[in-house]
Each structure stands twice: as structure tokens, then as C-alpha cells.
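Per Swiss-Prot, the features are:
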type	residues	note
ACT_SITE	Arg163	active site
ACT_SITE	Ser233	active site, proton donor
ACT_SITE	Glu329	active site
DOMAIN	17-187	domain 'FAD-binding PCMH-type'
Amino acid sequence: MRILQETSLAAFHTFGIESQAYALIEAESVDDLLLIWRDKQYQTLPKLVLGKGSNLLFCDDFSGVVVLNRIKGITVNETQESYLLHVGAGEDWHGFVQWTIEHNMPGLENLALIPGCVGSSPIQNIGAYGVELQDICQYVDILNIDSGEVSRLSRKECQFGYRDSVFKHELKETHIIVAVGFTLKKEWEPKTTYGPLAELNKTTVAAIDVFNAVCRIRQSKLPDPQVLGNAGSFFKNPVITQSIKDALLYQYPQMPNYKVSNLEYKLAAGWLIDQCDLKGMQIGGAKVHEQQALVLVNTGNATARDVLLLAQHVVNAVNDKFGVLLEHEVRFMGASKETTLSEVLA
């Protein structure tokens with residue numbers, strides 16, 4: 001456990017917006033986490049566990065303890081059919097994906113270059129290019145803060161949904177993810193039907209080819225947080241009913257849409273925003289990225305309020321034009337707890 005002297009949060013979330021915490025502590029084990037939660041100095045203070053802070057906007061100074069999860073380690077077992085990986089929550093996600101490719105354990109390559117740590121991947125049920133975490137997650141190990149016990153949730157118990165899981169709801173305040181288990185099948189089948197990956201030859205493509213293609217695509221479309229502060233996709237792709245989809249298609253026949261179920265369809269939030277001519281739109285130091293409308297960026301001097309006002313402008317514009325209400329994928333953190341766009345701007 002390491003207590004950091006610096007309490008600025010700018011370097012610990014990818015938006016890079018200046019805000020302060022009461023305390024910043026690195027935890028490298030379950031014992032470290034328990035020590036922090038049971039320390040009388042911090043016991044009554046709000047606490048927030050962070051990995052890379054890649055899906056978060058601090059809307060205010062945080063009045064409590066920000067705990068940086070640095071639990072590391074990768075353990076591999078195998079069966080005749082699969083590799084079974086047990087991974088510490090503090091491992092860098094892209095570094096882990098790269099590790100699996102280097103060790104000839106494909107299956108995660110479509111999820112390359114997603115920022116964040118392994119422990120945050122189940123919270124959002126991260127996904128990209130036709131693959132979601134739930135497709136390869138076997139279990140999630142969680143620490144019960146009150147009892148100090150570590151238990152294991154099966155994939156089903158994680159209640160995965162679109163950018164959603166039980167960790168955003170019932171377990172949000174009571175448990176901490178400490179490790180994630182993955183099952184990677186030895187008989188690898190490439191997932192190349194989504195977007196530009198369809199150009200790859202499915203019969204000859206190797207996992208490293210998919211990995212490299214995904215990295216190229218993401219680097220060409222998404223800004224580097226080291227250059228322009230951002231949290232990746234700011235909004236969820238909205239899911240609508242078939243009747244609403246049909247009505248919109250009548251008016252906008254070129255509108256991308258993807259079938260989710262017999263009754264629901266997913267729209268591309270980036271396309272909706274782009275149709276509102278919002279690329280390059282700027283409020284203060286916050287801006288809609290000029291290449292990818294789904295991303296809001298910190299041009300260098302943005303405040304949290306700049307980002308919030310810009311996000312609300314985008315939501316209003318899309319709702320006015322399409323009658324579709326965008327939800328933010330990025331988590332908003334207030335002074336003591338998580339909040340929402342509507343709450344923070346009320």
C-alpha cells in the first residue's frame with residue numbers, strides 16, 4: 001500500500017481535468033484494500049476505486065479517498081479445449097490483450113486498445129468489433145468490503161448487459177473486483193464481420209492480423225488521451241424498438257442500425273451526432289472530436305462544467321432531430337458519489 005502525497009486527480013483519469021481528492025492511495029492486494037476500508041482515518045469518508053480512470057469524469061473535487069487498484073498477476077491453466085486465465089484487476093487491459101497474443105492464446109484481439117484495467121472490464125461489459133467481455137469471461141472475483149471475504153461470481157451472476165453489469169447496480173457500493181477469469185478456446189475462430197474487419201480474409205487471417213487491424217482502426221478513429229484528454233465513447237449506442245427504427249429509417253434510409261433482438265435495434269450514436277453537424281462543436285475547453293463525433297475531448301484547459309454543458313448540448317440536439325435520448329457511457333463522479341448528467345446540471 002502506498003499513500004501518495006499528491007492529491008490532484010488530473011493524472012489519474014484520461015480526461016485529464018484538474019480536480020482534487022482528500023487522499024490518493026495505491027492498493028496492491030486484497031489486504032491493502034481491507035486496511036484502507038478499516039483505517040479509522042478514512043472509515044467515514046466516501047471511497048472510489050479506480051483502475052486507469054478511462055471511463056470517468058470528475059464533476060467536482062472528490063471529498064474522500066480515491067483507491068488505485070494495482071492488484072497484478074496472470075495465472076494460466078488449461079484444459080483440452082481451452083486456456084483458463086486468472087488475471088489481477090490492476091493489470092492494464094491492452095497490455096493483457098497483447099500478452100495473450102504473444103503467448104498464442106487468441107480470443108481477445110477484437111478488444112485491443114480499449115483503455116482501462118482488467119478489473120473495470122466487467123463493470124462496463126466492454127465490447128468492440130463484434131466481441132463483448134461476456135463472451136470470454138468465466139468468472140469475476142469480488143471482495144465484500146464489510147465481511148472481508150472474497151467470493152466468485154459466475155458469468156451468469158454478473159448479469160451482463162449492453163455496457164452494463166451487476167457491478168453498476170447491486171454490488172456497486174459493497175464489493176470490489178479483485179480478479180477476472182477468462183476462458184479462451186484453443187480452436188480459435190476469427191470475429192471479422194464487424195465494420196472494416198470484414199475486409200480481412202477469414203480463411204487465412206491470424207489473431208495477430210486482427211489485433212493489428214483493430215489497433216490501426218482505433219488509432220485512426222479515436223484520439224490518444226495522452227494528446228487530447230478524453231474517455232473514449234462518451235455516449236452509449238441507443239437501443240430502440242422496431243417501430244421507432246422503422247419510422248426513422250423512412251425519414252433517414254441511410255441510418256445505420258443493428259438488430260439486437262426480435263423487438264430491439266441498436267443505433268450508432270456517433271452517426272446521430274454527426275447528422276446534427278456537431279463535429280468540432282466547442283464549449284470552453286471541451287470539444288466534439290472532429291474525426292469521431294462520439295468522443296468529447298479536453299483541448300487542454302477544459303473544466304468539468306465545459307464537458308457537461310457540451311454533453312447536454314449534444315443530447316438535446318440529437319433528441320430534437322431524431323427523438324432519441326442519448327445516455328452517457330462515461331461515469332460521472334460528484335463530490336461524494338456517482339451522479340448523472342441530469343442531476344449535476346439540475
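Quick reminder: no glycine exception, Cβ is built from N, Cα and C everywhere.
Within 10 Å of the Cβ of Glu329 (active site) there are 18 other Cβ atoms, across all protein chains. According to its DSSP assignment, Arg163 (active site) is coil. The predicted model assigns the domain 'FAD-binding PCMH-type' (17-187) a mean pLDDT of 96.
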